[in-house]
Structures are given as C-alpha cells and as structure tokens.
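Student: OK, TrEMBL features for this one:
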- 13-142: domain 'CMP/dCMP-type deaminase' (DOMAIN)
- Asn54, Val55, Glu56, Asn57, Ala58, Ser59, Tyr60: substrate binding site (BINDING)
- Cys65, Cys100, Cys103: Zn(2+) binding site (BINDING)
- Glu67: active site, proton donor (ACT_SITE)
Amino acid sequence: MSQNEASAGISSAQRDDLHRRARAVAGNAYAPYSSFRVGAAVLLEDGSIVTGCNVENASYRLTTCAEQTAIASAVALHGPSIRIRAIVIANLNDTASQPCGACRQTIHEFSTPSTEVFFPAADGSLTRSTIADLLPHAFLLKDN
C-alpha cells in the first residue's frame, strides 16, 4: 500500500467490514459486571485486520478495553512496528460511546496523525475522527 493510500482514508466498504467484525467480536466480551460488551477491529497499514473485545475483572481497574486488547493482539501477531490505519469500535448495547482516555493513548502509540477512529454515535451511526483530534496533546516519551 502506498503512503497516499494510507493517508487517503478508508473506504465505506472497509469501514463497514471493520464495523461488522467489531460487532461480531463484541459477542466474545467477558462483561459480567457491566454487561457492556465492546469490540474493536483494527486495520493495520499492511492491510491486516486484528480484533479484540473487552475483558472485565472483579477488580475493575484490571479490566482491559476492546481497543487495548485488539492493539496488544496486533503487536503480538505482527510485532512492535505496527501502525494503525483505522480502528472501528462497536458495542452490543447500541449506545453512543467513545474510546476512553487510556484507549486514546494506546491507539496514539501505534498511529499516525491521520489514523481514523470510528465509534458509535447516539443515532446508531458511526462517528469518524482522527486520533490527532481525539488526543491532541498525547503523552510522548519519544518522537514516534
């Protein structure tokens, strides 16, 4: 994939495929405490797609969000040099939800400024943003 393709944004067909995958993997979520089942589908710049779901824990702070699970899986499968082209988040509660601050930071760690982030809106559609817009002042220890 050329740099122009990576920065041009994903097609509606790609977005819809990622959304379908995110909703499907949300069905695997372990959410006995909140019943808020979330899935995420990550499109890497090499064209690979990796999914993840939230995994709750009785010690709430140890819960892992879907976005973090998907990104950790992508690193485990493809190595630490991955770059996210797009990520789509879905929940089975059909409510509006945006990535939390920790997930925004995790997405940012493996993104470019043009990485697209899609998340559920109140009307059932997907809201599109970029990681740069969602986290304009990300914490950095080094230049990525």
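Note that Cβ sites are derived from N, Cα and C of the backbone, with glycine treated the same way.
The model shown is predicted, which means the values in this text are computed figures rather than measured ones.
Explain the structural surroundings of these features, please.
Tutor: All protein chains included, Asn54 (substrate binding site) registers 24 other Cβ atoms within 10 Å of its own Cβ.
DSSP classifies Cys103 (Zn(2+) binding site) as helix under the three-state reduction.
Long-range Cβ contacts of Glu67 (active site, proton donor) within its own chain (separation 6+, distance under 8 Å): Ala40, Gly52, Ile87, Ile89, Pro99, Cys103, Thr106, Ile107.
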Student: Which one is it: of the binding-site residues Val55, Cys65, which Cβ has the fewest other Cβ atoms within 10 Å in this structure?
Tutor: Val55
Student: Determine, for the Zn(2+) site, the additional residues of the same chain whose CB lies within 8 Å of the mean position of the CB atoms of Cys65, Cys100, Cys103; present them in sequence order.
Tutor: Ala66, Glu67, Gln68, Pro99, Gly101, Ala102, Arg104, Thr106
